[in-house]
Amino acid sequence: MFRLNSLSALAELAVGSRWYHGGSQPTQIRRRLMMVAFLGASAVTASTGLLWKRALAESPPSANNIKSELGDKGKSKEEGEDCNAEKKAAGVCLEPYPEEKKKKRSGFRDRKVMEYENRIRAYSTPDKIFRYFATLKVISEHGESEVFMTPQDFVRSITPNEKQPEHLGLDQYTIKRFDGKKIAQEREKFADEGSIFYTLGECGLISFSDYIFLTTVLSTPQRNFEIAFKMFDLNGDGEVDMEEFEQVQSIIRSQTSMGMRHRDRSTTGNTLKSGLCSALTTYFFGADLKGKLTIKNFLEFQRKLQHDVLKLEFERHDPVDGRITERQFGGMLLAYSGVQSKKLTAMQKQLKKHFKEGKGLTFQEVENFFTFLKNINDVDTALSFYHMAGASLDKVTMQQVARTVAKVELSDHVCDVVFALFDCDGNGELSNKEFVSIMKQRLMRGLEKPKDMGFTRLMQAMWKCAQETAWDFALPKQ
């Protein structure tokens, strides 16, 4: 596309040059044409060079190459951090107490692999994301195979800086032969009883169709589903059948970044199946698929899904006595923030300074805060009212807004952690704009962002703008 645009630009320059030397136009118009041509060529050349360098810098190598090239560096760095046997025997290197042990830092190799995986999450197609983070391939009795995600794989696929297990990656899976009894017995390994994942058809495993649907549910506000259901509820009884639900699902999916990027790929087997094959559709409409689904039941499903995903995120931090540390909670809040690394490090240091010996947070405290975030748009409005009225946005105000808008109680300790992160100047008041913008990204888990680098869209916009500007300069309105 860029070559065609460049050739057409050069052709227009040639025409302009002949027009200029032909002397058939007034001098003023010829001067404007030459100025526009010169500025346009300079802008295209400069922008192309910068974008090309950026594309080269961000082009992801394969994960296998990263792991093989950086293996020696990672090993040498890890070996340097450990005490050798002689020092331990001499008592030079003492083992810390369990409560004093610090979390092992990510080595150079791990950081590079995580950066590559973050680019996959941000820019790749849903097909590639699924194939990279899925860990199971189940082979049926007839020899046919299908790839599945576990609930843990699903959470890892949408969470930045969560590294894929070693020896598993793109099209690399753990192979399991289909055995109905054996897989059913392993259901507890994949999902807890009572979890929404536990009710899925393949013993808590997630197929590609279910993966697309679950990401759509997580990235779509409740209000959008309410409107879509009302549009297709033709008789006004508040219920939709399977066919109407598939239309709702298709419309909602087409509005999400995942849905817009997806293309069925028969070569990999990752195609969106009809409702007849979906375990989730069976869950909604029963085994005979003749049931009805109400918006109330669907929103309850969305609430349970958000609860279960949050629970899995919480458990990934290995809670001690049912509590995670304040820094881990801060990491959950900032996971999808997009904040620059230097500022992110400064915010985490600020949190560490305030809570050197914190008591931690329970899952109930974490869940209450995320329930508060589900109403972030109303929270934004309420905080703006306080700001316009001249009231300070302190901890008491936040707790009052949570009670009024979300009907939940935020503990004093949760408010202390949030203010330690977002109280930039240390005056005990919240930085409202930054807090709301980061929390909106956290609520959507980054799933609403476009799955491309914007290079094509940028070049199209520049070309259109250059054409319009050239005509305005060359042929000014009389």
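Just so it is clear, glycine is given a Cβ too, placed from its N, Cα and C backbone atoms.
Feature annotations, reproduced from Swiss-Prot:
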type: TRANSIT; residues: 1-33; note: transit peptide
type: REGION; residues: 61-85; note: region 'Disordered'
type: COMPBIAS; residues: 69-85; note: compositional bias 'Basic and acidic residues'
type: REGION; residues: 101-112; note: region 'Polybasic region'
type: MOD_RES; residues: Ser124; note: phosphoserine
type: REGION; residues: 128-131; note: region 'K/R-ring'
type: REGION; residues: 261-265; note: region 'K/R-ring'
type: DOMAIN; residues: 410-445; note: domain 'EF-hand 2'
type: BINDING; residues: Asp423, Asp425, Asn427, Glu429, Glu434; note: Ca(2+) 2 binding site
type: REGION; residues: 457-467; note: region 'C-helix region'
type: MOD_RES; residues: Arg457; note: asymmetric dimethylarginine
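All features noted in Swiss-Prot, drawn onto the structure.
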residue: Asp425; record: Ca(2+) 2 binding site; contacts (Cβ under 8 Å, 6+ apart): none
residue: Asn427; record: Ca(2+) 2 binding site; contacts (Cβ under 8 Å, 6+ apart): none
residue: Glu434; record: Ca(2+) 2 binding site; contacts (Cβ under 8 Å, 6+ apart): Phe422, Cys424
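Counting every protein chain shown, the number of other Cβ atoms lying within 10 Å of the Cβ of Glu429 (Ca(2+) 2 binding site) is 16.
Taking H, G and I as helix, E and B as strand and the rest as coil, DSSP gives the region 'C-helix region' (457-467) the counts 11 helix, 0 strand, 0 coil. Geometry remark: Asp423 (Ca(2+) 2 binding site) versus the residue listed as 'phosphoserine', CA distance 35 Å. Within 10 Å of the Cβ of Asp423 (Ca(2+) 2 binding site) there are 20 other Cβ atoms, across all protein chains.
Around the residue listed as 'phosphoserine', taking its Cβ as the centre, 19 other Cβ atoms fall within 10 Å, counting all chains. When the alpha carbons of Ser124 (phosphoserine) and Glu429 (Ca(2+) 2 binding site) are compared, the span between them is 39 angstrom.
Listed as Cβ neighbours of the domain 'EF-hand 2' (410-445) (distance under 8 Å, sequence separation of 6 or more from its ends, same chain) are residues 158-159, 218-219, 326, 329-330, 332-339, 347, 350-351, 354-355, 359, 361, 365-366, 368-369, 372-374, 376, 379-380, 383-384, 387, 392-395, 398-399, 402. Residue counts for the region 'K/R-ring' (128-131) under DSSP, helix first, then strand, then coil, are 4 helix, 0 strand, 0 coil. Annotation note: Glu434 (Ca(2+) 2 binding site) sits in a helical segment as assigned by DSSP.
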